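Undergrad: Following this message is one structure expressed as structure tokens.
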Ligand code: DAT
Ligand code: MG
């Protein structure tokens, strides 16, 4: 299987809490390659494109607001099966129940806010990865 690329975001909570380095360390220790990396403050339009699949859901608006609350780190990440591999490193969506050993499981929990602050984003399919990389890079 050819090398894949995926979009990873260290979300505003991860950047604000000073966890970017710890998250990058896990990604690098796994052996994935950083192809490009940048600090971004996305506007609403960018986030509406990125989260188009969630438009209309109850958490959509708080999610977009949260993502505008501070800078994120966008990463173009490469490796064999990196799309599913990074999602495995990240853990499941809800940080309270994400498995220990994962980024969300080790660093995240429910802070009682309106939206789940779960530290990272990773594309969920080759189609999503291509679409999202085009939005962020
Ligand atoms: P993931 O980020 O694991 O791919 P997703 O694509 O289903 O999850 O949702 C995108 C983000 O939206 C997720 O990281 C956090 C937020 N979210 C998802 N489901 C939620 C819910 N039930 N309540 C609050 N926020 C939610
Ligand atoms: Mg998703």
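The backbone N, Cα and C atoms fix where each Cβ goes, and this holds for glycine too.
Keep in mind that TrEMBL annotations are predicted by a computer and have not been checked by a curator.
Feature annotation from TrEMBL assigns active site, pros-phosphohistidine intermediate to 121. TrEMBL lists 11, 59, 87, 93, 104, 118 with the feature ATP binding site. Annotation comment: TrEMBL describes 3-137 as domain 'Nucleoside diphosphate kinase-like'.
Mind running through what each feature is packed against?
TA: The local packing around residue 121 (active site, pros-phosphohistidine intermediate), expressed as other Cβ atoms within 10 Å of its Cβ over all shown chains, amounts to 24.
Other Cβ atoms within 10 Å of the Cβ of residue 104 (ATP binding site), summed over all protein chains shown, number 23.
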Undergrad: Helix, strand or coil at residue 104 (ATP binding site), per DSSP?
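TA: Where residue 104 (ATP binding site) sits, the three-state DSSP reduction gives helix.
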Undergrad: Could you check what DSSP calls residue 87 (ATP binding site) once collapsed to helix, strand or coil?
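TA: In three-state terms, residue 87 (ATP binding site) counts as helix.
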Undergrad: Measuring Cα to Cα, how many angstrom lie between residue 93 (ATP binding site) and residue 121 (active site, pros-phosphohistidine intermediate)?
TA: 9
Undergrad: Please list residues from the chain of residue 59 (ATP binding site) whose Cβ is under 8 angstroms from its Cβ, counting only those at least six apart in sequence.
TA: 114, 115, 116
